[in-house]
Amino acid sequence: MDINDLKYIERRLGRKPNDIEIGMFENLWSEHCSYRSTRHILKLFSKTLKNSEDIVVGPGDDAAVLRIDRRTGLCIALAMESHNHPSYIDPYNGAATGVGGIVRDIISMNAKPIALLDSLRFGDIEGEMGDKVRWLVEGVVSGISDYGNSIGVPTVGGECEFHRSYNYNNLVNVACIGLVKEGEVITGKAREPNLSLILVGSTGRDGIGGASFASKDLTSESEEERPSVQIGDPFTGKCLIDGVLEACKTGKVKAMKDLGAAGLTSACSEMCYGEGVGAEIHLERVILREEGMTPYEILVSESQERMLLAVERGGEEEVIEIFKRYELPASVIGWTTNTGRIVVKMHGKKIVDLPLDLLCEAPPIKRKEKPCILEEYIDSRSIEMPKDLGEVLLKLLGSPNITSKRWIYERYDYEVQLRTVVRPGMDAGVLRLIECPPKALALTTDCTPNFCKLNPYIGSIYTVCESVRNLATVGARPIGMLDNLNFGNPEKPERMYQLRKCVEGLANCAEFFNIPVVGGNVSLYNETVIGDKEYPINPTPTVCLVGVIDNLEMIPPIHSKVEEGDVIVVTGETKDEMGGSEYFRYIHNIEKGIVPRCNLEREKRIYNTVVELINKGLIGGATDISKGGLGVGMAKLSINNSIGAEVQLGDYNRNNLRDDILLFSESSGRILLTVKEENLDKVLNALGENGHVIGRVGGNSLKVYNRDREILNLDIKEMRDIYEKGFYRIMGDIE
């Protein structure tokens, strides 16, 4: 807030706010809570909601709810949040509480959490800050795994990438999915007066100022703000999950809110605002775990594992008794009113009296924008082609952004709850839906920051296409999308331009594929100032897509597996589009060029056809081609299925590309498929001009030819050793 904000508040109130009220405004008007710089841009997503009949709860609540089975009324609750600043200052607790917070968003809809996904970005782990980055990775992964494993929610997918732009600002984006029946959904809105407000959990001083801390750049002094990082307790978190879901079965709970950023101030205000109701809170009734806390500290504490419940009169004792059985403190701290105001008292003395429409509606800030497209044409032929492309492929397979992240996901209990069908590390996680067989859920997170830096609009479109492609490899049709928009300082016109163009790209592409964008998060000020130097992150618009598989029994590898003699088919076209590619960046240290373009009409036909073919049982294996291009895609197909392949790219190479461009371009729209000989005609007829036979599965090595030239010949064991052990080597666990 600035002096103009204070003058505006005084004018609206007709008086000067007291210090506690100013503190409440500072928190709720922070960028983290109010989205005052981005609210007008986020409205672009609204056009994606028009044609969806299965949105039960749309954007604006703690989580969205989508119907996935009309026969049973089964729905999913889904939400995505970031915990970026805290995870840089205190990686273990920052990441752990990020998991705890997103899980509470899900249970606030009366949904049982069934899956977590995490999208992580760190600095250059092979550069001069490598030791610091490894420490951050260890802390973040430990925080996520310890919390997720302890509460019994599997982490079934995600991504982890590295770039020097994240040296001073790592990103921790977490998504959670839960299940709930349509008639049992509870929202975060109290819609009537005279409901009792029950606060579950004890309140301490941890996390005070967290919302405002997340709304400014990190500096060299940010280490001193460690008290702004919340401390989580996963065992209490597990009790809270079970207690909340049991309390909802009483029928007495009418609304619920997680206590996250800005604590009780935010939860109570958001629960009542917009429904014509208000609230009266008595702070002496809040159960504290520290002595001498001031009213302001109680109001903005971000202590974890707390929930605010609006309960019908007469049901308070029954609900509180349930939480007592779980050894969770709970007390009635106030009630809803018909005033449209929040009134806070301490021992009978009124200390806050504010209209909710003022407190919850920070005036928007229209930031300046300045075009920032860094694409520039580079003639790929001017770059010397390495003599040994096999060595290049091996180097890419062991590189931080491509190598297997088993080191990470093997620390997650990804099979708890016994729903996981496809493990982490594949194109998409798959969960069994025992409530409505044979349906299943497919989940994926994606982002292409290197593309978005060069061209934010095109890069964002590519991100959505890659996510849809990942779902297609398991036969899933997308039903909903979440976004997590991670950007630098919005006060810099270039950053605001990047943000707007990324949102335009996401929204336009989602609308084209008829995917509703039902929720998300904005994380700004991911930028560090050291002396007179600014270090912004690359634009990182992460998406999480959820898809439905109509028949789990038909997807690879359940229905069929990749076997000797299978025909290899690739969809789409490979072009000379090397801008932002891992090959250019990691092998040649070039971060320029033209990023891949997406032919949306063509890609939609490809993805729909692949999903149809998988659901007919005609596909043995499917692998997305993206980072590292066709070369990495073929290598992963061989590694994951423990079988080699012989590939001839001569006829496929219609653009007469140089061998390295042919192997490592990251053109969009491509999926590697394996097909039984007897199914080949059906597959090719369905794909038409978008399907190309390039080889057969078999042997113990990957051999690739471009007409009469052998351009690759690598042993599977060597590729597997480098790919599966690469991150262990990077982390220093093995030589």
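Just so it is clear, glycine is given a Cβ too, placed from its N, Cα and C backbone atoms.
Note: TrEMBL annotation is automatic and uncurated.
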Further binder of ATP named by TrEMBL next to Tyr35, Gly520, taken from the candidates Asp2, Asp69, Asp483, Asp550: Asp483
Which of Ser467, Ser523, Ser560 shares the substrate site with Ser82, His83, Asn84, His85, Arg104, Gln230, Glu302, Ser303, Gln304 in TrEMBL? The record says Ser523
Within 10 Å of Gly520 (ATP binding site) (Cα-Cα), which of the recorded positions His32, Arg104, Asp105, Asp258, Glu302, Gln304? none
Neighbours of the ATP site Tyr35, Asp483, Gly520: Cβ within 8 Å of the Cβ centroid, same chain, sequence order. Thr38, Leu42, Phe45, Asn484, Leu485, Gly519, Asn521, Val522
Count the Cβ pairs between the domain 'PurM-like C-terminal' (193-345) and the domain 'PurM-like C-terminal' (563-700) that lie under 8 angstroms and are 6 or more residues apart in sequence, then report whether there are at least 3. no
List the helix, strand and coil residue totals of the domain 'PurM-like N-terminal' (60-180) as derived from DSSP. 48 helix, 44 strand, 29 coil
For Asp483 (ATP binding site), which residues of its chain lie six or more apart in sequence with Cβ-Cβ distance below 8 Å? Phe45, Met80, Leu506, Val517, Gly519, Gly520, Asn521, Pro541, Thr542, Val543, Cys544
For Glu302 (substrate binding site), just give me the three-state DSSP call. coil
Using a 10 Å radius around each Cβ and counting other Cβ atoms from all shown chains, which of the binding-site residues Glu81, Asp105, Glu302 yields the largest count? Glu302
Report, as numbers and ranges, every residue of the chain located at least six residues beyond the domain 'Phosphoribosylformylglycinamidine synthase linker' (5-35) whose Cβ falls under 8 Å of a Cβ in that stretch; write 'none' if there are none. 42, 211-212, 214-215, 261-262, 265-266, 269, 295-296, 299-300, 344, 351-352, 354-355, 358-360, 362-363, 490, 522-525
